[in-house]
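Sending over a structure as structure tokens; questions will come in a sec.
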Amino acid sequence: MLVGPSMAFFMDEISTGLDRSTAYHIVNSIRQAVHIFKTTTAISLLQPAPETYNLFDDIIFLSDGQIVYQDPREYVLEFFESMGFRCPERKGVADFLQEVTSMKDQGQHWFHKDEPYRFVPVKEFAEAAQSFHVGIKICDELAIPFDKSKSHPVALTTSRYGVYEMELLKVCFLRELLLMKRNSFYHIFNVQLAIMAFIMMSVFVRTKMHRNTVQDGGLYLGALFYSLFTLLFNEFAELPMTISKLPVLYKQRDMLFFPAWAYAMSTWITKIPMSFLKSGIWFVITYYIVGFDLNGGRMFRQYLLLFLVNQMASGLFQFMAFVGRDMIIANTFGSFSILVVMVLSGLILSREKVKKWWIWGYWISPIMYAENAIAVNEFLGDLWKKVTNGLTETLGVQLLKSRGIFPVGYWYWIGVGALVGYIILFNGLSILALTYLKHEWKYGEIMRNSISSDSISDGSDAMASSQEWTKGNESSGGKEDRLELLKGVSGAFRPGVLTALMGVTGAVYESLLYSAWLRLSSNVNPETRKTFVEDVMKLIELKSVRNALVGLRGVNGLSTEQRKRLTIAVELVANPSIIFMDEPTSGLDARAAAIVMRTVRNTVDTGRTVVCTIHQPSIDIFDAFDELFLMKTGGEAIYAGPLRSHSFHLIEYFEIKEGYNPATWMLEATSEAQEDILGVSFAEVYKNSDFYRKNKEMIEALSSPPPGSEDLYFPTQYSQSFLTQCLACLWKQHWSYWRNPSYTAMKFIFTFFITLLIGTMLWDLGSKGVKIPLKDGLSANPQDLFNAMGSMYASVLFIGSNNAYSVQPVVSVERLVFYRERAAGMYSALPYAIAQIIIEIPYILVQALLYGVIVYAMIAFEWTTAKFFSYMFFMYFTYFGMMTIAMTPDNNIASVVFGAFNGTWNLFSGFFIPRAVGPKARLRPESLPAWWRWYAWACPVAWTLYGLVASQFGDVHTTFEDAGASFKNETVAEFVNDYYGFDHNFLGAVAAMTIGFTVLFAFIFAFSVKVLNFQKR
């Protein structure tokens, strides 16, 4: 930001997570830039050290929505003294300002001892500031209008962005190229597209494909449609990566780095060569081997169509990401968009069968135009000009008409034009969404309450323990390629002593109950456990937020300070003797940090040993510690000893400047630069000091166990039994799912709309020509069965895929929590995995019932055992999505892996090419090649379709009356067996296989959770 043309900067909490020395140098650099470049800068800081505070020229003090003081920094203490309040000698001015308007803390700063204190409200401070001499001066300045004649003509910028539009586009384009290079692993993972192309090529191999009947042409059409589907669905995997970029993108957009169109256009441009590459790989591998028309013009036209479909899909899913802005919601939107464009395209339901109230959807589906274009390009070629059965129409025209495709050549160019239009439309909508929609993360608390100010001690029985160590060294032999963290460090932490370790740089109650349940001894009964939780909440001052939702950090729920206290409480309910805390006050203002340190102090007063690492302590916080263990860069100790009142011992050891914060001075005085200037090694000075000798004596004394003591013994690794761990994890998952409507509710909403869409499109299809063969004078024909199977195929594919994709981000977040809780010894991997598996069952059951009731009622299917198969495919798709997360390091790769498997399952489902592997099926020449029939047994979607179709139509012995020459006078059951290989008597084995896949995916998920660990630290 500083290197840009901006002349005004507003910075929020820029020192969070930094030690005070680093924060000082950063603010000092900003101060110099402000004075040199004459810029205007306003900075809000948490816990600014006195030396950092003194760098500012002016202070704007806000409280309760009012400006209490807005004047030069050097007059702020004078103003408050005029109001009767004085800053104590050992308190930073910033900390004083935090307290002086607080009803709780204001009284301690009243210095007119001869006058009674009364609380001065914020409004009175604000009014007094207006009459203060500096306030009067500011009001006088503001009362004089600005003389515009003195304004330089170029003082204000006249353009919204710093450079020309084409330069912005170029910069965004170069950044996208850099990101593509850095994410090369993900793009290399797209080799799965080539693998799928090889599989598809070997399934539709030309030596097994004939051109004698319309049924033969149906296989070629299936190969073409599968190509379109694969290149469409392949882009779905980019949704997680697009979503992950949005936080930075929105921030840069709002800061006017670039307009939304520059980013959207640059991503579009960078994806063009990738689309050429992807469609080229698919085209080269599949075209000749499948046996499509080798005419050069038709080859080029098919390649062009594949490229345009991939580009259209890229624009569509980018638009879904920009509209959804949340991983789960965007996945749901993406799945729904695929369903709409596929179901309304004519693939599932031929054009003649589309209901009149849905015909408009047929005409707006981009895939409809792609299917018509790619079909006429192939089937109007010379290879399909054969005339059969004494008809006047060619075989290609017969096929096109039978599938509701327009048999005229100009439909190719209509399709090309439509796809180009949709590419422009989706990218244009992406620009609009990115321009006008805000990032949907919501910051803030679910509830706000005042915090009790009483310091309460805990009466729980915690065993007093000390921790000592000698000569810590992590170099493992001192090899040059190993990082040495500690060098000859010795020390001791004792009960009831708060030690500072320093160096250079759900719902609340339920969370505590859950931790206590799993971490307290199994001998503790539930009532005692609840009482102990109540005591801890009182100790850590969490009563006021008892029923608040924890939420996600930075998104919703508890504030940062409340989260830190909850984290401390979660550990305390385990009743530990020794607690190590890492930076408990980072990211907090002075008041919030004081509340946290008060709870830490309360914890120490119960007799526990507490050690805190701390980076930026104020004087008040630093004085709360009893001892300090200070290390320098390189892992050597340079001080270990008591602090005493006002850090007396530390100041005596490191002589300090007057008015300096001891913590800040200590870090500056012991830096390597100071050692070089002074020519000393503070580590050696410490080793020759009395503190070092006393510490050695204390370590030796504490290393010898007292008489009568016994070694600690834990009969089991975990405090609770395996069953109790499972119950506790399931209890937690129940509340986690119940409070995650973006996942659970969206799953039901998505299922409802999909079933409503399918039901209204295939209204009353079950009774038309299948169960009731002659209705309203209409004859039964196989196309009705194809349409019915299409509805089942769409349900399995799209609802199942959405289940898999939507569960991935949920499990990914839960896995991070699992890593932390497993490391804390709360439970083992298997109880977590079992709970994750079980918690999905009731939600899937509701989803399956919702699907079954609506679809079966609207389509007029018979209420058969097919409902069981629908329930199982919901389940195994969900478990497979969970499995991909457990087996991969992140959501991006998991999406790619699932996309590859889903595409393969789709190919072998039996919808595009019959598998004909039933016990009574005749192996037709257009069925799966012999070398791939084994995979028909290994494809879960194929088994699901088998169960759905066979249970619905496998026992229907009505004869087709309008089936053409191939299947004339065949019954529905014979057709299902003859064409698909589905035998009604085989349903028992189908049910067993479907259950088997569900169990298999759940087992692999649990096994992967137990064995694999993708933590980066």
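Glycine too: its Cβ is placed from the backbone N, Cα and C atoms.
Because TrEMBL annotations are produced automatically, they should be read as predictions rather than curated entries.
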Checking feature assignment: transmembrane segment per TrEMBL, candidates 246-262, 280-296, 722-738. Which range matches?
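Range annotated as transmembrane segment by TrEMBL: 280-296.
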Does the structure show the transmembrane segment (328-350) and the transmembrane segment (217-234) touching, where I'm treating 3 or more Cβ pairs under 8 angstroms (sequence separation 6 or more) as a contact?
yes
Counting CB pairs under 8 Å, which listed stretch among 303-322, 357-376, 748-765, 893-913 touches the transmembrane segment (841-861) the most?
748-765
When you check the transmembrane segment (217-234) against the transmembrane segment (893-913), do you get at least 3 Cβ pairs under 8 Å, counting only pairs 6 or more apart in sequence?
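Between the transmembrane segment (893-913) and the transmembrane segment (217-234), which are separate recorded stretches, there is contact, as judged by 3 or more close Cβ pairs.
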Hey, which bits of the same chain come close to the transmembrane segment (893-913), Cβ under 8 Å, at least six residues off its ends?
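Residues packing against the transmembrane segment (893-913) from afar: 186, 189-190, 192, 195-196, 199-200, 203-204, 219, 222-223, 225-226, 229-230, 233-234, 236-237, 239-240, 789-790, 793, 796-797, 801, 804-805, 808, 812, 880-881, 884-885, 887, 926-928, 932, 935-936, 939-942, 945-946, 980-981.
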Based on Cβ pairs under 8 Å, which of the stretches 280-296, 303-322, 357-376, 410-437, 868-887 lies most in contact with the transmembrane segment (934-953)?
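Selected stretch: 868-887, with the most Cβ pairs under 8 Å.
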If you count Cβ pairs under 8 Å, which stretch among 280-296, 303-322, 357-376, 748-765 touches the transmembrane segment (410-437) the most?
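Answer, by Cβ pair count: 303-322.
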Can you tell me which parts of the same chain pack against the transmembrane segment (280-296), counting only residues 6+ beyond its ends and a CB-CB cutoff under 8 A?
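Cβ under 8 Å, 6 or more out: 193-194, 197-198, 200-202, 204-206, 209, 220, 223, 227, 230-231, 302-303, 306, 378, 381-383.
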Quick test of the contact rule: Cβ under 8 Å, at least six residues beyond the ends. What residues does that give for the transmembrane segment (748-765)?
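Those are 332, 335-336, 339-340, 343-344, 348-349, 354-355, 357-358, 784, 787-788, 791, 794-795, 798-799, 802, 806, 846-847, 850-851, 854-855, 857-860, in sequence order.
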State the non-local partners of the transmembrane segment (303-322) in its own chain: residues 6+ outside its ends, Cβ under 8 Å from one of its Cβ atoms.
227-228, 231-236, 238-239, 242-243, 246, 264, 267-268, 271-272, 275-276, 278-280, 282-283, 330, 333-334, 337, 341, 366-367, 370, 373-374, 377, 415-416, 419-420, 422-423, 425-427, 429-430, 433-434, 437
